[in-house]
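K.L.:
Just passing along the structure, written as structure tokens.
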Amino acid sequence: MKNDDDVESPLLAAAADADHHDVDNSHPAAGSSFALACAVAASLTSIIYGYNRGVMSGAQKFVQLDLGVSDAEIEVLIGATSIYSLVGSLAAGWACDRAGRRRTIALSAAMFLAGSAATAAASGYAALMAGQLVAGVACGFGLVVAPVYIAEIAPPSSRGFLASIPEIAGNSGILLSYIADFALAGLPMSLNWRLMIGIGAVPPLFLAAAALLAMPETPRWLVLHGHHDDARQVLVRTTGGDAALAERRLQEIVSSVKESATKQQLSSAAAAGGGGASTGVWRDILVRPTPAVRRVLFAILGLQFFQQASGVAAMVLYAPRVFNHVGVTSERAVLGATVLLGATKTASIVVPLFLADRLGRRPMLLSSAGGMAVSLLVLGFSLRVSSSSGSGSEWWAAATSVAAAAAFMATFSLGFGPVIWMYGSEILPLRLRAQGTGIGTAANRVMSAAVGMSFISLYEAAGMAGTFYLFAACSAAAWVFVYACLPETKGRSLEEMEALFDAAHPSSPPPAS
């Protein structure tokens, strides 16, 4: 069934015939290259999200001085962005299913542009909140739509690698925001923070153009809406022109969709008057989950909780305050140390790309949680020393704090940064993936908001060192959670996941291949 550009991008349609002639069926890498290009384009949402998330770390001081915003107001402003992204993440699953993955990416780009522009032009606190409202909803969309799009466009052979790209892109966005803060800090106060934030309005233009002109819709969404010919055309490109393989994958998707539809019909009949497909999905997740789905949700929500309970949002958003507290007073030194954190976080995020499939998810998560707990303890100790000693010990306390913060960022990125998203995308059943991803992201945003909106008040009440001791305790609890509750998914096919969580033995080895 041939259809219009609502389901297929114009550039894809224009290139379709050329692909059939130009792609060598013996070189499946061509399909992986096409999928990689689509994944990189979708991950622009994660870069923009990361930039919006990190830019306020360095900009907040100048916003406060220029507009007269208090500490309490800046705490609410930063934390509220996570609440807004919660709304966006819950709406994004519905939008992905109704409007399509590609158009949802374009919608998130439009909201990112509007939010960044409005925040940069703000003349008061109310205008700042309005701009961050739009940008925050866009962040929620971006967190959901990129992983879903990539999981469905990627061929199985490269799904693990491509699924990690959004996390790398998000960290790259944070690093770029820190660099922008550092580079623009010397400009006049009425201009520097506006440029820091306003730069975030530029990439969405390219993302919207890519989504509307170059990116195809995912085969699964096309099949769900009856566009089998368009789905086949996309699959031919992602398989490097192998028409037989594309047809086989198309039939697998069709069978999966039919199976999901049958389960939804049975669920609706059993629920006496249940609603449509979307209602059936929510019922299967929240109201009448199977034991396996219940364990999957417990695993996803637990990982999302502990990721943010470790205090990563406090470090991303308030690193300059932490370094000021330990005695780093030079503005350029503070922002330079913050750039170091961003660079460490971004460089370390690449490691799981190559080790997660080799070592397994559990070892990566356990190593990450243990490293986070130790580095946070060292950071808390150095903060305690700096606040109770004379000036003679300040230099090494400051150096130790920066090193411990960098170690925390590195160990976080080894597991609890990217692997929890990879793990969640693997274990969710196909029929629940979009809405289940939205629930996990919503839990993440709630915890991020709780940390962002309470950090200043918490360290004023318990002390900066005490606050990081608390984060260290949460990281230690995360280690226990992973060890006790999460089965290894290495070597398992997606079809085996539900059976794996029916058994729910954390250390169960994968079947022999």
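Placement of Cβ uses the backbone N, Cα and C atoms for every residue, glycine included.
Pulled from TrEMBL, these are the listed features:
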- 38-490: domain 'Major facilitator superfamily (MFS) profile' (DOMAIN)
- 29-51: transmembrane segment (TRANSMEM)
- 105-127: transmembrane segment (TRANSMEM)
- 133-151: transmembrane segment (TRANSMEM)
- 172-189: transmembrane segment (TRANSMEM)
- 195-215: transmembrane segment (TRANSMEM)
- 296-318: transmembrane segment (TRANSMEM)
- 333-356: transmembrane segment (TRANSMEM)
- 363-383: transmembrane segment (TRANSMEM)
- 395-421: transmembrane segment (TRANSMEM)
- 442-462: transmembrane segment (TRANSMEM)
- 468-486: transmembrane segment (TRANSMEM)
K.L.:
Apart from its near flanks, which chain residues at least 6 from the ends of the transmembrane segment (172-189) lie with a Cβ under 8 angstroms of it?
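P.N.:
Beyond its ends, the transmembrane segment (172-189) has Cβ neighbours at 46-55, 57-59, 62, 65-66, 195-196, 199-200, 316, 331-332, 335-336, 338-339, 341-343, 345-346.
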K.L.:
Going through 133-151, 195-215, 395-421, 442-462 one by one, which has the most CB pairs that fall under 8 Å from the transmembrane segment (105-127)?
P.N.:
195-215
K.L.:
In this predicted model, what is the average pLDDT of the domain 'Major facilitator superfamily (MFS) profile' (38-490)?
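P.N.:
Summarising the domain 'Major facilitator superfamily (MFS) profile' (38-490) by its mean pLDDT gives 86.
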